[in-house]
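Undergrad: Okay, so TrEMBL annotates it like this:
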COILED    224-251  coiled coil
DOMAIN    289-375  domain 'PTHB1 GAE'
DOMAIN    378-485  domain 'PTHB1 platform'
DOMAIN    487-590  domain 'PTHB1 hairpin'
Amino acid sequence: GRDLICIQSMDGMLMLFEQESYAFGRFLPGFLLPGPLAYSSRTDSFITVSSCQQVESYKYQVLAFATDADERQDTEQQKLSSGKRLVVDWILNIGEQALDICVVSFNQGASSVFVLGERNFFCLKDNGQIRFMKKLDYSPSCFVPYCSVREGTINTLIANHSKILNVYQDVTLKWAAQLPCIPVSVKVANFQDLKGVIVTLSDDGHLQCSYLGTDPSLFQAPKVDSREINYEEMNAEMKELQKIIKEATKTQDILPESEKQRNITVTAEVSPDLDEESQAIDSEVKTGAVPSVTVKITIQSRVTAQKPSLAVCVQAPLAVTCDQFVFDDLEPDSSETVVVSVFLKENCSPPELEGTCMVSYNIPTGIPRVSQCSFSLPLKLVCFPAQPSKAANHKLTIDTNKPPISFVTIFPDFIDPSEGDQANALGFQFLTGSKATLLASKTSQRYRIQSDQLEDLWLVTKELIYRLEEHFKRQNCKDFACTFSGSIPLQEYFELIDRHFELRLNAEKYQELLSERAVQFRAIERRLLTRFKDKTPAPLQHLDTLLEGTFREVIALADAAEENQANMFQAFAKLKSATRLVIMLISLWQKLSADQVAILEATFLPLAEDTQELGWEETVDAAVSYLLRTCLSKSSKEQALTLSNQLSMPKDTSRLKKNITLFCDRLAKGGRLSLSTDSATQQAAVMAGGCATIPESDLEERTVILGSTAMFVSHEQTTKQKSKP
């Protein structure tokens, strides 16, 4: 009639109480971390799982007569002479940590000890022998044996981290049910007339009572009144439905794009002026003041939006002051407005001055939806006006079919209107320190962009073409066009590729060296620990000096790897800027359509981030090789070639540079970009009849594509030559 309580402490002590009185305490041998603990009334013993990943059983009688916990600090001689050491009853090695232990007995026979491991489920006898075990293919969270339906078997509920409750009869899975949360405890209870209710408790404190099965459907369909069928009306209705289906199948998008049908509309408004007080945070740009620009984002809801969240994304090295927002549920015809600031965080020019706003929410029926919009950032966020420079290493010339426009008109935010006589030259000073110059010809319809760095030409060239198109669009001029007739700067582009690839090789080398030094450091640590644990002191033989030296090498290698990672990030940003410039020049040179430019961008810009596992070089090489084998192939023999299915880091960039050079040559000789297999076959026939083949040896030496219109046969001319007898 007395309650006996056993408490396990964090230091491995078992404290036993009789009612409120402390009886005794015992320390478990070899204890490191506490594990699950259970009491078996049949054998009068405590069962636990130690840090050695083994099940241990201690009889209560042995615990009561063992050495008291207060005498743990006695000498070894006193412990040996006392004869009261704590001895384990039985041990079973399960090879993994246990989540829970349960001792049950549903019949008059022997009780069973259930142990739930991280990957296995064990059932043991009273003496520690295994009755059965079940290997689990999921990560369990809790369990409970609840009954014995058939003699000799025991039913068990096991919940896992995939929110699934499994019902086992010994090792056989009998049923599985989906739960709304991950339970940390599960029991089976009876409440008045409800028997076998499953009670689960989640990690955030939600208690749920549920049962297996489904609600019965009591609905019965009423009898349909017999009526005469009007075939004419049915035919008319069928034609109307077929017309609706035909119209619906014409649209390629699954969701409608009209503004009227959108549940939530998100808009972003970029301030025309920079912030008076910069909002830049932790910027690494070395210039004095880093400017920022305000973006006002408005969310308008037509329906009830549950759990809306807003994400604002910009490409590094740009950053925003806050990129995540969570709102309360939006009511119909309500709106929310947030204001963020965008600034340059890293010390390199961004490849894109664009951002995206994305709102995710649930409609009242529980279906998740996403709305998004994009916004463009001003060029003056990353550069400011400067004195034009006459000399430069890299120069590009853009031809137009209209007279040159004064920079006062198209760049009013970068030039003073009073400087009308010098409006044909404009300088840009980037925050990173580099410069770019824009020149307009007084006699011809040309614009020149020049800079000491190839990647710095991209943003200025893109901004020039965009502002020219907007200017002539306002003038209602529809025939304005830009062209490029110079040479594609492949040699300078290849230098950026080699620089990025060299940093990737350095990162791989640093990783190998760090791994070697870490292995050496752990080996020295083990030897030192062995020396320190030895009862007879021995000389360290300079192991401490070797440990300190290895530690310094590890720190130095980690710093070098971190610096190389930062350099690789900047090199990848420069490579993306130069890649976008090359894509634009190729599109202007060959007058590509929007679909063909999209194929170019997907080919040369497949990755938003560069990693050691999947890098830019091998991805682009695979994409260019695919285009050369399909739509840009010269014969059916090239189409029959098979490409490698595995992407791995190449030894060098020679194959990639050769493929890019061949890619530009094929475009120059009339090749067309297409993802259709039919057009690829036709294209191979056109190129075979209208173009001479290029020896592969010539391509290895050729690094610059001459873009003169006199040297290359246009696609129209190639087609005509093919049609001649």
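Numbering starts at 1 and runs along the chain as it is shown here.
Glycine is treated like the rest: Cβ placed from N, Cα and C.
Automatic prediction, not curation, is the source of TrEMBL annotations.
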Undergrad: If you average pLDDT over the domain 'PTHB1 hairpin' (487-590), what do you get?
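TA: Per the prediction, mean pLDDT sits at 89 for the domain 'PTHB1 hairpin' (487-590).
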Undergrad: For the domain 'PTHB1 platform' (378-485), DSSP counts of helix, strand and coil?
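TA: Its residues fall into 28 helix, 31 strand, 49 coil.
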Undergrad: Please list, for the domain 'PTHB1 hairpin' (487-590), how many residues fall into helix, strand and coil according to DSSP.
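TA: Looking at the domain 'PTHB1 hairpin' (487-590) with DSSP, the answer is 92 helix, 1 strand, 11 coil.
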